[in-house]
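**Q** Quick paste from Swiss-Prot:
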- Cys98, His100, Cys118, His121: [2Fe-2S] cluster binding site (BINDING)
- His227, His232: Fe cation binding site (BINDING)
- 56-154: domain 'Rieske' (DOMAIN)
Amino acid sequence: MSTPLIAGTGPSAVRQLISNAVQNDPVSGNFRCRRDIFTDAALFDYEMKYIFEQNWVFLAHESQVANPDDYLVSNIGRQPVIITRNKAGDVSAVINACSHRGAELCRRKQGNRSTFTCQFHGWTFSNTGKLLKVKDGQDDNYPEGFNVDGSHDLTRIPSFANYRGFLFGSMNPDACPIEEHLGGSKAILDQVIDQTPGELEVLRGSSSYIYDGNWKLQIENGADGYHVGSVHWNYVATIGRRDRTSDTIRTVDVTTWSKKNIGGTYTFEHGHMLLWTRLPNPEVRPVFARREELKARVGEEVADAIVNQTRNLCIYPNLYVMDQISTQIRVVRPISVDKTEVTIYCFAPRDESEEVRNARIRQYEDFFNVSGMGTPDDLEEFRACQSGYRGSAREWNDLSRGAPHWISGPDDNARRLGLAPLMSGARMEDEGLFVQQHTYWAETMLRGIEAEPKVFNVQPVEVAQ
């Protein structure tokens, strides 16, 4: 079986790699992706352009710039960005580089400033990007046409959107509406947001770490139910040994997820995907106390999912919203082909009690934090995979687990919740969601290449999968 994509017939190794990167063939039973898409440095440069800079990417949550003149720095691929809130309460985003000689303006992660002054030559800008003052800009130091009609203001992000507090940006001025980009994953994000009739907030503090591996390793792993019992066996065993009647941390019981087959996976448009499970002990989660209010506000079926199901939601290409052992926003920033930065935050309903907030944070620290029982395990596997991918003896990663029971379209759980996934995995260990995501990756990359015919000598062909 083959899917018509766009590829070239010229000598470009990058183009040829993308064209043959993914096999998604039910007839032959080949469901796999090439390992060198994780190691090719030339390919990485095009990923930054087509996957990150021309796509919508997550920038921040609006609670991180809650007050007038708050700012937070972020990235759209290789482009440094400042997200600001002005005195009128409006949130906007500009490139974090002085319009004079390109020096980075904001050199701290976040703060509160009504103006930004470049440390290099002293130019001053409003926090919405307008050039206010040029050092020694009077008299005849500059030509007559200098700073006309905003020519030297900071560069605004071409596309900027706020979906219910989640802020996204793109360097593509023709990016589709954010709701269209989110597609079917929007309903899952709504489940997270609707846990409170009020607002969510990102809690103070964050953790950032860099691992030695490609960015796609983390994007796969956040929805990989297959690795839990082997990589996180120590955490699973620890949970099994804990006395849940004592005053120790009470957390989600992960010991029965795989044994009882109480979960699955969904893939959505634009590379988004979901890993979900049914909770054996939902009473340990903070949202459990809101179940009656939720039923009245969002309906019994959705309330049941919010309270009794976990969610590992990937908003492709750089965001995970985790709602399981605790609640986490995980932001992925590629640095190079084999180096990736991850920044993690805990989020919560703004109106929850101190007791519930403390329990949430303890659960978060237990597994998610850099010093928790989960993160170090994953980072070692990312390093080991990246090292193994450098070998050339075997070219492919097998992604066929669960293929006999993958479902095209929604399963019963999805239909009950009004979801419309492209594909459903009947078990949480199923790997079909990675095949779908990498297929979208290849399609997006090849569409970008098609727009550069002079570079790639592009012609339409059939790309075997």
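The chain as shown is numbered from 1 upward.
Each Cβ is built from the backbone N, Cα and C atoms, and glycine gets one as well.
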**Q** Please identify which of Cys98, Cys118 has the densest Cβ environment, defined as other Cβ atoms within 10 Å, among these binding-site residues.
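**A** For the binding-site residues Cys98, Cys118, the Cβ with the most other Cβ atoms within 10 Å is Cys98.
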**Q** Taking 10 A as the limit, how many CB atoms besides its own sit near the CB of His121 ([2Fe-2S] cluster binding site)?
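**A** Neighbour count, Cβ to Cβ under the 10 Å cut-off: 13.
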**Q** Calculate the distance in Å between the alpha carbons (Cα) of Cys98 ([2Fe-2S] cluster binding site) and His227 (Fe cation binding site), and round it to a whole number.
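**A** Cα-Cα, rounded: 45 Å.
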**Q** In sequence order, which residues at least six apart in the same chain have a CB under 8 Å from the CB of His100 ([2Fe-2S] cluster binding site)?
**A** Cys118, Phe120, His121, Trp123, Val134, His152
**Q** Give me the sequence-ordered set of same-chain residues, not including Cys98, His100, Cys118, His121, with a C-beta within 8 angstroms of the centroid of the [2Fe-2S] cluster site's C-beta atoms.
**A** Ser99, Arg101, Gly102, Ala103, Leu105, Phe120, Gly122, Trp123
**Q** Mean pLDDT over the domain 'Rieske' (56-154): what is the value?
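**A** Mean model confidence (pLDDT) across the domain 'Rieske' (56-154) is 95.
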